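Heads up: the structure comes next, in structure tokens.
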Amino acid sequence: MEILMASSNLIKQLQERGLVAQVTDEDALAERLAQGPIALYCGFDPTADSLHLGHLVPLLCLKRFQQAGHKPVALVGGATGLIGDPSFKAAERKLNTEETVQEWVAKIRKQVAPFLDFDCGENSAIAANNYDWFGSMNVLTFLRDIGKHFSVNQMINKEAVKQRLNRDDQGISFTEFSYNLLQGYDFACLNKLHGVALQIGGSDQWGNITSGIDLTRRLHQNQVFGLTVPLITKADGTKFGKTEGGAVWLDPKKTSPYKFYQFWINTADADVYRFLKFFTFMDIEEINALEEEDKNSGKAPRAQYVLAEQVTRLVHGEEGLVAAKRITECLFSGSLSALSEADFEQLAQDGVPMVEMEKGADLMQALVDAELQPSRGQARKTIASNAVTINGEKQSDPEYIFNDEDRLFGRYTLLRRGKKNYCLICWK
């Protein structure tokens, strides 16, 4: 009974967290949820070999529904990924080969799996791939059975497409224009196969979702619903989920757990409590209490550490979180003895600036090559002023030449200038 109670309030709970951008027929959906568990889906197109932070809110939304007793379907678009969604994109997407897309499908399925429970009885999650129904469909079937239900007049008036059509330098190909039909049919297909009654997605998907609702009604005479989550923005107007190095990925080989943890630690005070509502499963009351505590403590806020810990654990597990915190602590304290070889690999991947050097190099040259100083002369002064450490140990001899003891695990040396400027030397 508790599950159903939570479920009937689910839309309200999501709204309290700021997680609802648009919803079709909210009262009817709330009533449907109150009657008992439903199946719902969210689609993830393989446009790269990993999901990124932008995918996390809808993915966690699937998890929220499952926790309330509903059955989530994670659809990876093996077919739609071959076409490319034009929604609010300034230019035509590059088409990827079928082999590449199928490889990416496998990786993304694996990435989605830990967030959902695929073995919990009646509301066990399902993984689906729309290539299963589009792969063998011929063009005549597509045009007759799907195309005849779509009005071109309505399609070109959808905001996502209209923006492209209004650009003089960019039109839209028939390939991308037809994407709306494919995603619409996904909904109708999942409704028939698994009784899916709700699609969730980012607010840029509204046009595709409403097409699917309309098509499902026409093909199966079933009422289904759509709900979108907001696209995440930052208070300062800059794009969320990007760093100087590009997107923040969920794949630890593309964004290390340390870098991922640091991304959240650096969240602005103006964003952090909102992000706790979006990206964690903490109660609203708990988040509000934390905000109040931070406001009155007179110290640096604790919220960023709570956020970083919660989201890193969600995405990278306890092991990833422990490593990220260990690296953070060691860099802060300057004592590197607790770092493992795997920790150094994370730092080399994207944690701190990295430079490769030949054995026999001296400290002055290392500071220049690492861009910690502009010239050997400047490097000499900095070293002499006791402002440089090698693996956490001060070194004030400008003529210092690195030796084997400086090469941790035979390969790594961490330089620091001042308090915060790091560079990792990887010896060739």
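Any Cβ shown, glycine's included, is placed from N, Cα and C.
Counting every protein chain shown, 27 other Cβ atoms lie within 10 Å of the Cβ of Gln183 (L-tyrosine binding site). Swiss-Prot lists Tyr41, Tyr179, Gln183 with the feature L-tyrosine binding site, giving sequence analysis as the kind of evidence.
Residues annotated as ATP binding site in Swiss-Prot, with sequence analysis given as evidence: Lys242. For Lys242 (ATP binding site), applying a Cβ distance below 8 Å and a minimum sequence separation of six or more within one chain yields Val248.
Taken from Swiss-Prot, the feature domain 'S4 RNA-binding' covers 361-418.
Under 8 Å from some Cβ of the motif ''HIGH' region' (46-55) lie the Cβ atoms of residues 76-78, 81, 84, 93, 96, 101, 103-105, 107-108, 111-112, 202, 231-232, 240-241, 247-251, 254, all in the same chain and six or more residues away from its ends. The motif ''HIGH' region' annotation in Swiss-Prot covers 46-55.
If you look up Swiss-Prot, you'll see 239-243 marked as motif ''KMSKS' region'. Sequence-distant contacts of the motif ''KMSKS' region' (239-243) (same chain, six or more residues past either end, CB-CB distance under 8 Å): 52-54, 232-233, 259, 263.
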* For Tyr179 (L-tyrosine binding site): DSSP state (helix, strand, coil) -> helix
* Counting only residues 6+ apart in the same chain, whose Cβ is under 8 Å from the Cβ of Tyr179 (L-tyrosine binding site)? -> Thr80, Ile83, Gly84, Asp85, Pro86, Ser87, Asn208
* Structure fact -> The correct DSSP tally for the domain 'S4 RNA-binding' (361-418) reads 19 helix, 14 strand, 25 coil
* Just report the maximum Cα pair distance in Å for the recorded L-tyrosine binders Tyr41, Tyr179, Gln183, no decimals. => 18
* Tertiary neighbours of Tyr41 (L-tyrosine binding site) (same chain, Cβ under 8 Å, six or more apart) -> Pro72, Val73, Ala74, Leu75, Ala128, Asp186, Phe187, Leu190, His194, Val196, Leu198, Gln199, Ile200
